[in-house]
C-alpha cells in the first residue's frame, strides 16, 4: 500500500493507497483487473491538442492554492486545456475521493469517514472571484459517509459564492443524496440558478455502468422533485454515448427526461479513462450528434448541447446564452 506524502508519488491506476487525511482509497475508482480486450482506434475528431496558456496556468495555480479539486483533473476530462485556457473550471467539492464506484468514472473511490474541509466553501468563493467567473459550475463526489450526503456543505458553498456576488450564476451538478428530499431541499433553498444530475446512460445499461446505489429512475425522480418544488430553477441532465446503447434508447431517455420537466440535456462521447474501465463500444460521428440535437430540440428541451467532446459542464455558460435564458 502506497502513501501520499509531501513528495509526490505516482500511484498506479487500480491500486489502493492512503490519502493525506488517513483513509484508504482506490486510484481511478476501479480495482486492478484484466485489461479489456476490446480496443477501438480513436477517430481524428476526438484528438485534442494540448495548450498550456497563461490562463490555464492561472486556473491551475488558483485551485492548488485554495486546496480545491476539479472534476476536470480528477475525471480526466478531454476538454481541460480548452476550458482552463478560457479561464473556466468545474470545481469538485468535498474532496477527490468518492464513496461510489461507477464503472465509467476515473475519480478515486474510498470511504472518507466523515472528513470535510470546513474552509472549502469560502475558499471556493474566493477562487471564483480570482478567476473572474460570471458563471460557475460546482460538482462533487458522492459522500454516502455523511449523514446528509454533504448537502449542507454543498449549500454553504453556493451561499458563499452568492454572498460574494449575487450576480454570479451558479450551476450545481449534485449527487442524488440517496433520494432524501430534506437533503435536496438544502440545495433548492439556496439562490442556485441551475440544478443538474446526470442520468449517464440509458435505462438498460444503468446497472452495468453506474454504482448500484445510483438508479435511472432515482435520478429522474430527483429532477422531477426539483422542478416541482422550484419551477424557476433550470434542470439539466447528461448522457454518455458509446457504451452499447441504441439511438432508439437514447431518444427514449430524452422522452423520460422531458416527462419530469428537464430543461437542458447534453450528449457526449464516452471515452475509456483507463484500461480497467468499461471499453468503448462505438464512436458516434459528429453528424449523428447533430441529429441528436435536432431531435432533442423537437422534443421540447430549451437547449441540447450535443457533440463528441461535450460533457455536462462543457461551455455551460454559452449553452444558456444561445437561447437567451438570462443566464
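We count from 1, first residue shown onward.
Here the Cβ of each residue, glycine as well, is placed from N, Cα and C on the backbone.
The [4Fe-4S] cluster 1 binding site annotation in Swiss-Prot covers 72, 77, 83, 313, and the record cites sequence analysis as its basis. In the structure as shown, the Cβ atom of residue 313 ([4Fe-4S] cluster 1 binding site) sits within 10 Å of 28 other Cβ atoms. DSSP assigns residue 313 ([4Fe-4S] cluster 1 binding site) to coil in the three-state reduction, placing it in neither a helix nor a strand.
As annotated by Swiss-Prot, domain 'Radical SAM core' applies to 83-302.
What Swiss-Prot lists as [4Fe-4S] cluster 2 binding site is 98, 102, 105, and the listing cites sequence analysis. Residue 102 ([4Fe-4S] cluster 2 binding site) falls within neither a helix nor a strand when secondary structure is assigned with DSSP, and so counts as coil. When Cβ atoms from all protein chains are considered, those within 10 Å of residue 102 ([4Fe-4S] cluster 2 binding site) total 22, not counting its own.
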Other residues, Cβ within 8 Å of 98, 102, 105 Cβ centroid ([4Fe-4S] cluster 2 site): 29, 100, 101, 104, 106, 107, 109, 141, 142, 211
Distance from residue 313 ([4Fe-4S] cluster 1 binding site) back to residue 102 ([4Fe-4S] cluster 2 binding site), taken between C-alpha atoms, in Å: 19
